[in-house]
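**Q** Mind looking over this structure? Questions follow.
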């Protein structure tokens, strides 16, 4: 019997993010999910290599790839709307859960147990990885803000500042490490990303939106 599951996931590329913002370049859900997966893998690797962790980077990447999959059914609800008040947040949470179950039901029954943990499952073994995926999700959004600011779009300045604080507020050493060591390069041009150019530019300001090449 035909299954629509993967065809539905393929529609992520048609869902644009940041719907209330003026964008110099649109970002779709597929792009965001891929970037979040790359970042989640990086955070998990940093935890293992530099902070004595024992997590699975590959698993983190897969969880990140699916973290916004329900939005193929719900669309991308702007954050100010989603968190406008507890009632709306609770209602949207219920909608997300329903969307997860609907997506899961599109799979053949013999595959559903394998995909359930990727679609909102509460597997205890993935608890630490979900924290890293959350951090990666915020980092991806922060990177988008940096890119928009570099293109002269000031509409993302408040979001950039808020996301910078949100990532720091997670108190994850691997996320802090990424902010300090890797995020500055996202403010560079292609020519400036060549070996040695980042160091040559000197330090970045500590706070976003201060002009020049802010690091977050």
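Just so you know, glycine gets a Cβ as well, placed from its N, Cα and C.
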**Q** If TrEMBL is the reference, give me the range from 171-193, 194-216 marked as region 'Disordered'.
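**A** Comparing 171-193, 194-216 with TrEMBL, region 'Disordered' matches 194-216.
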**Q** Tell me the residue counts in helix, strand and coil for the domain 'HD' (29-142), as DSSP assigns them.
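**A** Helix, strand, coil within the domain 'HD' (29-142): 88 helix, 0 strand, 26 coil.
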